[in-house]
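Data block below; observations after.
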Amino acid sequence: MNVPLKEAVATSKVLVVGSGGIGCEVLKNLALSGFKDIEIIDLDTIDVSNLNRQFLFRKEHVGKPKAVVARESILSYNPDINIKAYHDSITSQDYGLNFFKRFNIVLNALDNRAARNHVNRMCLAADVPLIESGTSGYSGQVELIKKGVTQCYECQPKPPQKTFPGCTIRNTPSEPVHCIVWAKHLFNQLFGEDDPDQDVSPDTEDPEAKIEGQEHTETESGNIKRASTRQWTQEIKYDPAQLFNKFFKNDIEYLLKMENLWKTRKPPVPLTWEQAASHEGDTAEEENNVKSQDMKVWSLSKCTKIFADTVGVLKEELAGKTFLVWDKDDKPAMDFVTACANIRAHIFTISTKSRFEIKSIAGNIIPAIATANAMIAGLVVLHAFRVLLQDYQKCPSIYLRQKSIHSKFVLAADKQIEQANPKCYVCSPQPFVNVFVNTQTMTVKEFETELLKKSLNMVAPDAILDGKGMVVISSEEGETEVNNDKKLNEIGIVDGSILKCDDFLQNYELTVAINHYEPQEKDDPLYKVVANPDELKAKESINGEKNGSEEKKEEESDEDDLMIVNELEDPQEGSSKRRKLNPPEDKDAEDDDLCVVES
Amino acid sequence: MSENQLSAVETELYDRQIRLWGIESQEKLRAANVLLINIRALGSEIAKNILLSGINSLTILDDGIVTEEEQEKNFLLSKDSKGKKIAEEVLLKAQALNPLVKIKADTDSPASKDPSYFKEFTIIVATCIKTDLLLKIDKVCRANNVKFIFGDVFGTFAYSVSDFQDHEYHEDQVQLAGKKRTHEGAEKTTVKVQGVVNYPELKKVLILPNTKQNADCIKKSKRRNELFFIMLSLIEFRNKKSRNPSLESKENDIKTLQDIKKDIFQLYQVDETKSKLDADIFEIVFGEAIPVCAVLGGVIAQEVIKAVSGKEVPINNVFLFDPITYDGKEETVGV
Ligand SMILES: [Zn+2]
């Protein structure tokens, strides 16, 4: 280290956001490199499955706050550092502009896009350089974000999370993941919080099932019964045989009547409780070691037995509570989903999976290893050195790739920093975005939650209807609640309206142009967000973005070091190196398997 | 339950990595006995990562004494370690990283060890040692099917060199298969692909001036990554001076390095006038940049995991970390 760097390091104030996989490594590197003033913030507590890489934590720390233990651990080998730990969410109102302005640099080590977007905006607003990083399995990346110098985290639209149309889940599953999503919905129908979007019975509204010129008149099953599924379940006292026959025999028979669905597909085969329980080809051998319980695919009769057993256990757990919350680490809940997903897969001739594999998909588990985190965290601090010397041009993005026989690169750095997208709806001088919503059916509250908060990532938005100067959404309690249940058009938000939106915490103002839109095809999203109007035509022809599909999206994984996997695969214009890294066979396509279902 | 099957505690602890490399790889790691020669800034990074991965045993061989400078850059040491034997002082914190791994300290000098000492391990990882010892160990390793990797950090420059002999590996490749429906996509299947990498012995890789017996092994490669010659220069500096370049004798050391580089260019018939290397490249080779130790420690530990598990494509055979661009590239030398 030369003298100016040594000085900069010793006098700089650093914020590390997240003390998980990358966070632990970053903290160690900072402490060993001579940083003296560090603050860390993390909302999480320590879990056993963190210990294979989050090396500042030990078994006796399980259940304790990560930020607090990380601080103690660092102090144990260097007591001369000032470290402040916050066991809190970075999106909280307590961490406003003035909080961020105190730092010379912010280092992100986060696990979800919403928090990344938020810190991106805070650092832009406070004009503090931010180093963004993430890993997923063997891969990872490091990127500098500096206002007016580089692109921001939101300059390039991120590929939306993979979601599935409701009718694929309810009527025509074709992949194991469809059965797993269905099984989680079944759990919620029987034991969880009521959610009409998670119906598991046949969907008679499926446009594909309709016969041309003939509106369906069925009323005996399907949608009609849905409101009473839970009630009926309670009436039959959670009798496993009756439940089984309803979901795996009667509902399947009903689906078979929707003949259009099976013209090009293999029809499902209804299964009775008796058939399943004594299914042939299942042997009695039941090894009881971890490997066979978790790694081997259960037989159909075993699935049936576990279905019955777990229904019994979960029924008891439910007694005295309003509902259960599904958790991948809760044994009966995970066993139930494994059994039901595999029974349904069997019915639809879809390949069945082990409990271990189903847990990955149902729990949205992104694999994480110490080595990748170590490499990425090393690069984060190397970039931090250059940033402190304001050598921003020397901080292009760096990518960690799994070694392949097609490429010599393990770490590949871009040749130069990426320029900001002039039409970015976050960092451009006048942020502007087009939204496509059904102004006749969407309520103001839905607009606030789905569009402004979930899609546009505001935390506490205000919205003023342009021209009329009317406040339609307010972050002040009690000001606009009266609007909540009104449809957008009822308060004058129609096609062509302009909303001036504002998030005080993020110091962010956004002009939103409203476009009235009604989904046409069954896979069309419920609403769309388009940042660049030039993209409109192209986007429409490829069926739009899937911002609001039937399945709720939930991208937060339980891993601190998660990056959104698709980003790695994002083909970026003007970076030939990255293309070179993707061999034609593109075996990295496996990453796409990590589609995210709600957890 | 048999000896090499994982317990419930282990599957829970290693869950997130088993989901990446599979249970068979984890079982192979669990059977692996690793020797780590020298546990300094880089060595402690390697130790951390391989301990976390869940090997059977780690033997730490280092005859050094903890200095103030060493203590400041090694997170396995504490303030009161100064003046004590480094291999013993790291034990407490190393063990805390993973209580399931058997860890042993050995304070002998690596050079004093009988060749038979090196036979007992699955893989040997070395840092900060001279070429004659590297070649001696490599010979034992090749005769006894022990994998070998070594690496060093000089400033912000770093490298590793592997000799995994004839290494068989497999990797999972995902292929799209079957029907392609508009909305439902194609189903993906995972195919196990096998391969072999034949590593050259280290004496064909580390050809230095004055080791004439090997000079005819040099294959000229016009596209050789020039950082390889920087690596050889630094190794040769250590061979000659029995130390790394030091800031206290910076000017002299840079001059020595330039002279060595000239000899190496001559030996490898590189036209110095066409060299793209910075003239002052040796300015950045002093000390050990901590974040670079973290990067190389990650790379080397990942190669150890690949060598032991036989899963994924390993680096063949030299890894070079660019101190300016931070690219990290494979360079195949000696085959
Ligand atoms: Zn931007």
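Quick reminder: no glycine exception, Cβ is built from N, Cα and C everywhere.
TrEMBL lists A:7-424 with the feature domain 'THIF-type NAD/FAD binding fold'.
Residues or ranges marked as ATP binding site by TrEMBL: A:18-23, A:Asp42, A:50-53, A:Lys66, A:89-90, A:111-116. Counted within 10 Å of its Cβ, the other Cβ atoms near A:Ala115 (ATP binding site) come to 19, all protein chains included. A:Ala115 (ATP binding site) falls within a helical segment according to DSSP.
According to TrEMBL, the feature Zn(2+) binding site maps to A:Cys152, A:Cys155, A:Cys424, A:Cys427. Non-local neighbourhood of A:Cys424 (Zn(2+) binding site): A:Gln151, A:Cys152, A:Glu154, A:Cys155, A:Pro431, A:Ala531, each in the same chain, at least six residues away, with C-beta under 8 Å from its C-beta.
DSSP classifies A:Cys167 (active site, glycyl thioester intermediate) as helix under the three-state reduction. The active site, glycyl thioester intermediate annotation in TrEMBL covers A:Cys167.
Positions annotated as compositional bias 'Acidic residues' by TrEMBL: A:193-206 (among others).
Per TrEMBL, region 'Disordered' is recorded for A:193-228 (among others).
Positions annotated as compositional bias 'Basic and acidic residues' by TrEMBL: A:207-219 (among others).
Feature annotation from TrEMBL assigns domain 'Ubiquitin-activating enzyme SCCH' to A:319-359. Across the range of the domain 'Ubiquitin-activating enzyme SCCH' (A:319-359), the DSSP-based residue counts are 22 helix, 0 strand, 19 coil.
Confidence for the domain 'Ubiquitin/SUMO-activating enzyme ubiquitin-like' (A:435-520), expressed as mean pLDDT, is 92. What TrEMBL lists as domain 'Ubiquitin/SUMO-activating enzyme ubiquitin-like' is A:435-520.
Taken from TrEMBL, the feature compositional bias 'Basic and acidic residues' covers A:538-555 (among others).
As annotated by TrEMBL, region 'Disordered' applies to A:538-599 (among others).
Residues or ranges marked as compositional bias 'Acidic residues' in TrEMBL: A:556-572 (among others).
The annotation compositional bias 'Acidic residues' is assigned in TrEMBL to A:587-599 (among others).
Neighbour count (other Cβ atoms within 10 Å of the Cβ, all protein chains): 24 for A:Cys152 (Zn(2+) binding site). Close to ligand 1, meaning a Cβ under 6 Å from one of its atoms, are these of the binding-site residues A:Gly18, A:Asp42, A:Asn52, A:Cys152, A:Cys155, A:Cys424: A:Cys152, A:Cys155, A:Cys424. Checking the binding-site residues A:Gly18, A:Gly21, A:Cys152, A:Cys155 against chain B with a Cβ-Cβ cut-off under 8 Å leaves nothing. Closest in space to A:Cys167 (active site, glycyl thioester intermediate), of the binding-site residues given as A:Asp42, A:Asn52, A:Ser89, A:Asn112, A:Ala115, is A:Asn112, taking the CA atom of each residue. When the binding-site residues A:Asn52, A:Ser89, A:Asn112 are compared by the number of other C-beta atoms lying within 10 angstroms of their own C-beta, A:Ser89 comes out lowest. The Cβ of A:Gly21 (ATP binding site) has 31 neighbouring Cβ atoms from other residues within 10 Å, across all protein chains displayed. Helix, strand and coil counts from DSSP across the domain 'Ubiquitin/SUMO-activating enzyme ubiquitin-like' (A:435-520) read 19 helix, 29 strand, 38 coil.
Within 8 Å of the Cβ centroid of the Zn(2+) site, not counting the listed residues A:Cys152, A:Cys155, A:Cys424, A:Cys427, the chain contributes A:Leu124, A:Gln151, A:Tyr153, A:Glu154, A:Ala420, A:Asn421, A:Val426, A:Ser428.
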